[in-house]
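Have a look at the structure below, then the notes.
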Amino acid sequence: MQNKIIIHGARAHNLKNIDVEIPRDKLVVVTGLSGSGKSSLAFDTIYAEGQRRYVESLSAYARQFLGNMEKPDVDSIDGLSPAISIDQKTTSKNPRSTVGTVTEINDYLRLLYARVGTPYCINGHGAITASSAEQIVEQVLALPERTRMQILAPIVRRKKGQHKTIFEKIQKDGYVRVRVDGDIFDVTEVPELSKSKMHNIEVVIDRLVNKDGIRSRLFDSVEAALRLGDGYLMIDTMDGNELLFSEHYSCPVCGFTVPELEPRLFSFNAPFGSCPTCDGLGIKLEVDLDLVVPDPSKSLKEGALAPWNPISSNYYPTMLEQAMASFGVDMDTPFEALTEEERDLVLYGSGDREFHFHYVNDFGGERNIDIPFEGVVTNVNRRYHETNSDYTRNVMRGYMNELTCATCHGYRLNDQALCVHVGGEEGPHIGQISELSIADHLQLLEELELTENESTIAKPIVKEIHDRLTFLNNVGLNYLTLSRAAGTLSGGESQRIRLATQIGSNLSGVLYILDEPSIGLHQRDNDRLIESLKKMRDLGNTLIVVEHDEDTMMQADWLIDVGPGAGEFGGEIIASGTPKQVAKNKKSITGQYLSGKKFIPVPLERRSGNGRFIEIKGAAQNNLQSLDVRFPLGKFIAVTGVSGSGKSTLVNSILKKAVAQKLNRNADKPGKYHSISGIEHIERLIDIDQSPIGRTPRSNPATYTGVFDDIRDLFARTNEAKIRGYKKGRFSFNVKGGRCEACSGDGIIKIEMHFLPDVYVPCEVCHGRRYNSETLEVHYKEKNIAEVLDMTVDDALVFFSAIPKIARKIQTIKDVGLGYVTLGQPATTLSGGEAQRMKLASELHKRSTGKSLYILDEPTTGLHTDDIARLLKVLERFVDDGNTVLVIEHNLDVIKSADHIIDLGPEGGVGGGQIVATGTPEEVAQVKESYTGHYLKVKLQQ
């Protein structure tokens, strides 16, 4: 078999007809600047062709469901294996998708509980077991010899009434004795029962002494008792002991019933097992009292009830005033000072009690009626669910929040599933086991107490679960829980989960293509990830990893550097060889960083800030352990810590949302904290994340940064435009007039293929240029508007150098390292890192107030060390203007450049949530307990 993948003439995107050889069964890292063509080579050429060939080998019938895959622009590829891509863009946003379902661990857990689980009565009556007549007979015969007993069939359990017809039927069926409320009577001599009291009635089927030769009689009596007692029977051993048996999974005491244990009972995605209240989501949209009464110190007259604000309408305030007068509630008392009964009345209504309501609207319409008072919470709920108006529904939605389901307590399953425990009544139910971190889950599996029979059944199931948990542990995800929603995972986390699933499959001879698996991973966990990658390689697989992490590069078997620049300045193979060979290559920027010839210098001094702080006290969301944190303003701050230590919770869930709530009146509720101070020192909050800058191809760098408005102004001022009477709007592809109407200014036509993927083809009228021919006849410096949109940022900067207003905005895009993108490049084609830098560019040309807080979550994602150097210069410009920049980051080059570090830990999950170290990088490097400090110390010494 060929030991190389040989590629000839690859031309996808910016690749310049390249030839490259990649060794098989090795760990190969593809690196290079952002936009240099790494992904074009790895994903759009190698993976696309591997996938296409696999699909081509399937039948025509199967292919119609998979769609026809386009052949990548390449002359030939030899030595390809079936390819599996593990990227970061395919995270499921479905609320039913969890870590447990993605890794298939849930499937094995469901099987485990169905096979060795024991149901327990939810009312505390002990284990619920189902026994056949044969099993009951065996248990009775196991009682001590000469035990006197009577077999009873329970027919009435805790029911009121005289039950005369039941006694008549018992007599008719030929039975002689009954036990009523614990006393034995002849069926003809039962005293009259009280109608208003609850009674228990059992029929005496037989009286026996346990001795040889009674099996046959006992069996007949047991069957008769089960038949008469609807599957239940009691054995009264005359010495005061009673044994309860059932041939159903049903509690003999209270009748709580469990269906037959099967895997679907433990699935929250099946109606059979899901919680009936939340339909298996674990959360329910409920009215949030904190949003309904945002300021409890206000009285009802002062507008304590936000949904009934008199500004929008006086209907509900009038109703409130008249109802409170009728029920004797003082409208001038602060809401928090009302009695509990009064608050319940205001919130949930008066029930059946009515008041007289009189109201005249602005048009003279009158309402004069006696009605119950609805209550504000009930009112918001009703209007949300009953309205046909999207506007009203959105307004009501603003007073609601997704709260933990009160029925299943967030476990997603019904009572019948949650009453089943493994390892005895003290053992966990499936909901509790899913709430454990991966590390704790592993420990629990090792300590599980099972009977010999249960161990035999559970052994192969537990092995599968254990293996999958171990793989997750090995890729640095030990802090995650199986119940964690897949939509809340970062790109790096979801990729490593799928990586763990692939390791678990133990396939060999496969070509795996990974996109920056080290994202979101602390340096401490990186070694474990690299070991996992090597393990996959050692199974006989080829791994092609697009990566910027130096450790991964140095441990690779083969390194390919794509460059030298980005966009049209990239697309060539600059270096290919072992890491040591690439490090010696003078043309390779990557090689220069690996050899230490190029590096990001440590700042000569740290900024002292402006002396002000934002201080959070008692941060206790998720795993945060009631932290008190100070964020010094006017500095470059890095929040660090191992994966799962609580960085995102502190910054994104608490700080960002609390500031947004105060500054922007954002309805999004922050996580749990006691108090926050210092927000008055901030005027603007700018969250610069990696979400797309636009959801449609109509959004592009020119429109996003606002430079397109200036360019359209310029074209409208040309002589040709003035002669034709064209205004600025003529040069927009979003409105009628100048755009091509055949494609509505998209430049492409979408052809719906029904069960195949939609196909996009260039518009035949405008040939992809978006405008009609008349608009394209207007030129500025011999270029029309479509040609300007096709220019790269670098070219546009030269082209518009004489127009300072335009050049200044374009310069900011170049400053963030995006000189290679075209002005009209669709936003949907930009990577997360490129979108984030585009947002930075749009901030750069705004006038700085010096009171802005910029928050960035892992801004180095997708960035080469050379790009990081550029990014740091941009961030430092913000700080030098007096603003505060706060980053969540693992990259040591960024961390060492910060003025102030807040290091969380020491571990992830329950072992984290504490502040391990704070201060300058030099101070944190001296803290022995800090993992970040340990790696930072080495970096600072370099």
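Positions of Cβ are set from backbone N, Cα and C atoms, glycine also.
The Cβ of S36 (ATP binding site) has 30 other Cβ atoms within 10 Å, all protein chains considered. Taken from Swiss-Prot, the feature ATP binding site applies to 32-39, 641-648, supported by sequence analysis.
Residues or ranges marked as domain 'ABC transporter 1' in Swiss-Prot: 308-589. Across the domain 'ABC transporter 1' (308-589), the prediction's mean pLDDT works out to 90.
Summarising the annotation, Swiss-Prot assigns domain 'ABC transporter 2' to 609-937.
Marked as zinc finger by Swiss-Prot: 251-278 (among others).
Among the features that Swiss-Prot reports, zinc finger is placed at 740-766 (among others), with the record citing sequence analysis.
Sequence-distant contacts of the zinc finger (251-278), counting only residues of its own chain at least 6 positions beyond either end whose CB sits under 8 Å from a CB of the stretch, comprise 96, 101, 106-107, 109-111, 113-115, 117, 119, 121-123, 125, 128, 130, 154, 157, 232, 234, 244-245, 284, 405-408, 411-414, 416-417, 419-420, 430. Ranking the binding-site residues S34, S643, S645 by C-beta neighbours within 10 Å puts S645 at the top.
Around K38 (ATP binding site), taking its Cβ as the centre, 27 other Cβ atoms fall within 10 Å, counting all chains. Remark: K647 (ATP binding site) has V639, T640, G641, I888, L904 as non-local neighbours, by Cβ distance under 8 Å and separation of at least 6 in sequence. If you draw a 10 Å sphere around the CB of G32 (ATP binding site), it holds 30 other CB atoms from the protein chains shown.
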